[in-house]
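Novice: Sharing a structure with you now.
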Amino acid sequence: MEGLSFGPLSILPSLAEELNPHRVAFLTNTTVERLWLEKAAEGIEEPIRIVIPDGEKYKSLETAVAIWKRLQEEGFTRKSLLIGLGGGVVTDIAGFVASTYMRGTLLGLVPTTLLAQVDAAIGGKTGVNFNGKNMIGTFYLPNFVLIAHETLSTLPEEEIRNGLGEVAKYALLDRKVYALARNFEGISETLIRECALFKVEVVEKDLGESGLRRILNLGHTAGHAIEKLSNYRIKHGLAVSMGLMVASKVGEELYGFDSGKTEELLKKLGLPTGHPFRAEEILEEMRLDKKAWYGRITFVIPVEIGDVVVEEVDEAVLKRALEATRDDSGSGDCQKPGGSA
């Protein structure tokens, strides 16, 4: 597994130096360039700086081609280090570029959003969008991931909530994270660390997502469908939150799971507990999900806190869960994180 480090940006030069790279290049976006690039690059000799526009639409093959060209022009080699500094879009495309340029270069990731720190930057998944989200990608472990808590200080409230959707997922998967999250009063380094370490533990056992790693898709089958139906106006973490509630209702019917625990947790984190779409709309999207097998919908189902199963679910069960969690108010029953449940 990649080297996971927790600390300030000031330790980045030493992490890079350990790899003895031929050159160092930073890949970031326009927002993070303004906020953090100068500080991150301090102490690194004449780094190449590659800045892409903000936004999911720039996670594309066209962007990757432009980065490959720039690296080639700069004399970047397999012994050079590409550092992805930014949120999930940046870390995904940095990993994809590093894994494909000259069949693989050195790679470091410095995630600057909560979503990336607890999930997107960990585990070696890379990708670009191509007629769908992450349809072209690789598995490629970075040489290091630096989680610098300071970078969250400039993160807007909506991006904190976006990341909390993944925190809620880990809380249902791991009792230690659940204990921290149900007493949530604000983002702590301990909470981020426990989420990240849980994912590392799972990925180490199943890098290629052939078995155990599939539990990390909890909330994502319905979540991705909701995200897509909203034309991505509903952010990923909020869609995952809605998906967690759907999965919990499935678990309640099939295994007697207490879905009230999920609802209480989501409210504590200021996350939505309902979705705005018709059940059949979501079912249709779930049938197209890349996690479906021959159109059959595979679901991660909570049995109890810290225990899930992965199995095909009858569509009648899914439909009942989707209908039970529909919320037409537009609010999804949200409140500010840390509020009483």
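Quick reminder: no glycine exception, Cβ is built from N, Cα and C everywhere.
This is the feature table in Swiss-Prot:
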BINDING   54-59, 88-92, 112-113, Lys125, Lys133, 151-154  NAD(+) binding site
BINDING   Glu166, His220, His236  Zn(2+) binding site
Novice: Nearest by CA distance to Lys57 (NAD(+) binding site): which of the binding-site residues is it, out of Glu166, His220, His236?
Specialist: His236
Novice: For Asp54 (NAD(+) binding site), identify the closest of the binding-site residues Glu166, His220, His236, judging by Cα separation.
Specialist: His236
Novice: On the three-state reduction of DSSP, what should I expect for Thr113 (NAD(+) binding site)?
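Specialist: In three-state terms, Thr113 (NAD(+) binding site) counts as coil.
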Novice: Far apart in sequence but close in space: which same-chain residues, 6 or more away, have a Cβ under 8 Å from Gly88 (NAD(+) binding site)?
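Specialist: Listed in sequence order, they are Pro111, Thr113, Leu115, Ala116, Asp119, Ala120, Ala121, His236.
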Novice: So which of the binding-site residues is most packed in, judged by how many other Cβ atoms lie within 10 Å of its Cβ, out of Lys57, His236?
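Specialist: Result of the Cβ crowding comparison: His236.
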Novice: Long-range neighbours only, meaning 6 or more apart in sequence with Cβ under 8 Å: which ones does Thr91 (NAD(+) binding site) have?
Specialist: Gly84, Leu109, Pro111, Ala116, Ala120, Ala121
Novice: I'd like the Cβ neighbour count for Asp54 (NAD(+) binding site), meaning other Cβ atoms within 10 Å of its Cβ, all protein chains included.
Specialist: 15
